Amino acid sequence: MSPRPATRAPLRRAEIVIDLAAIRHNVSRLREYLRTPIMTVVKADGYGHGLVEAARAAREGGADWLGVASADEALALRAAGDQGRLLAWLIMPSEPVEDLVAADIDVTAYTVTDLEKFAAAGDALGRTPRVQLKVDTGLSRGGAAFADWSNLVALARILEAEGALRVTGIWSHFASGEDPADPASALQEKVFAEAVTIAEQAGLRPEVRHLANSAGALLRPSARLDLVRVGVATYGIDPAPGVDGSPWAELGLVPAMTVRAELALVKRIDAGAGVSYNHTWVAEEPTTVGLIPVGYAEGIQRRAGNRASVWVGGVQRPVRGTVCMDQIMVDLGDDTSIEPGAEVVLWGTGADGEPTAQDWAEASETIAYEIVTRIGGRMKRRYVDSEQEGDQ
Ligand SMILES: *Cc1c(COP(=O)(O)O)cnc(C)c1O
């Protein structure tokens, strides 16, 4: 596939361009490399790429499952026509689950109360809910505490024997999948294997056992099991940047998101002029600055002020001064070729030398996950397909 998404379309103000071919390509490449069925995680509006659109592209790329956090996300995928296997894992005590069961969504149980609720919904509907059991192997977040696991499994088996539900999976989640030096992952794998053994001894025969997120799947072959839950790598973002021995470089995944804007204004400023609120940057020499119409209301990190770069006229140029609600400033130096209306790429694939979401993460002292999931505000998303003719 072409490494550069089709962004050379007329530009109005600012937009988020999503290359669906990149998502398709990434899913298919990951599936081929990992040799394991894939659950593509599309929670949080597809990590900022669009829930329904990302899900569709992932299915086209071969995603065996989709994974989401909330009930609403799962139901939105069904409403959009997705009919494949789909797991939700953060269902609230206040939420009715009949709709999920009726829509053939695999639901996750953490507690015996969850199991009873799913069984009751199945009973009311005359259907057999598909339930996955989550065990906490050390993250201390969702899932049954290991001490409660035998109880959960025992009730699940009773309900299954009664035909009240079917246990389709057992799963857990890594605390530090992106850090191969952290012994936590090996320990979690061991605890998970014990939990699976306990479930099997109780008579459960789940279809899938799964543990790994993107980083776990890429860095720990032993954690791939029956299924891997791949989120961030789907979107072409390295889950473990800078980790030795990571296969990332050989994978050839492509970032799917490009954020671009037009320059609102270009002007000369004098030496000594302070730029943006509180004059956190002061020009040492006369220079030319450009005004970019996006700010923290669009999800641009305020920390990135004076640290990030943007790509204008074929080169990266520094953001100057504080990030405001609606705007940021870029230093164009003495380049007189840049005019108002010129294209600014905040981040993209990096193929033409533009910054990436990872560069923005470093400038913002966060992770690229946060960069892509927070971007939005007044910006609209536009979908392109770099493998389709006539879309360039
Ligand atoms: C978000 C999430 C994932 C995906 O994680 P990535 O690091 O983006 O691959 C997998 N499993 C669970 C339970 C999650 O919440």
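Numbering starts at 1 and runs along the chain as it is shown here.
Quick reminder: no glycine exception, Cβ is built from N, Cα and C everywhere.
Cβ neighbours within 10 Å of Lys43 (active site, proton acceptor), excluding its own Cβ and spanning all shown chains: 19. For Lys43 (among others), the entry in TrEMBL reads active site, proton acceptor.
Around the Cβ of Tyr277 (active site, proton acceptor), a 10 Å sphere holds 12 further Cβ atoms from the protein chains shown. Per TrEMBL, the feature active site, proton acceptor maps to Tyr277 (among others).
Marked as substrate binding site by TrEMBL: Arg141, Met325. Sequence-distant contacts (6 or more apart, same chain, Cβ under 8 Å) of Met325 (substrate binding site) comprise Gly295, Tyr296, Ala297.
Under DSSP, residues within the domain 'Alanine racemase C-terminal' (256-384) fall into helix, strand and coil as 23 helix, 47 strand, 59 coil. Summarising the annotation, TrEMBL assigns domain 'Alanine racemase C-terminal' to 256-384.
For Lys43, the entry in TrEMBL reads N6-(pyridoxal phosphate)lysine.
Secondary structure at Lys43 (active site, proton acceptor), taken from DSSP and collapsed to helix, strand or coil, is helix. If you draw a 10 Å sphere around the CB of Arg141 (substrate binding site), it holds 9 other CB atoms from the protein chains shown. Across the structure, Arg141 (substrate binding site) and Lys43 (active site, proton acceptor) are spaced 17 Å apart at their Cα atoms.
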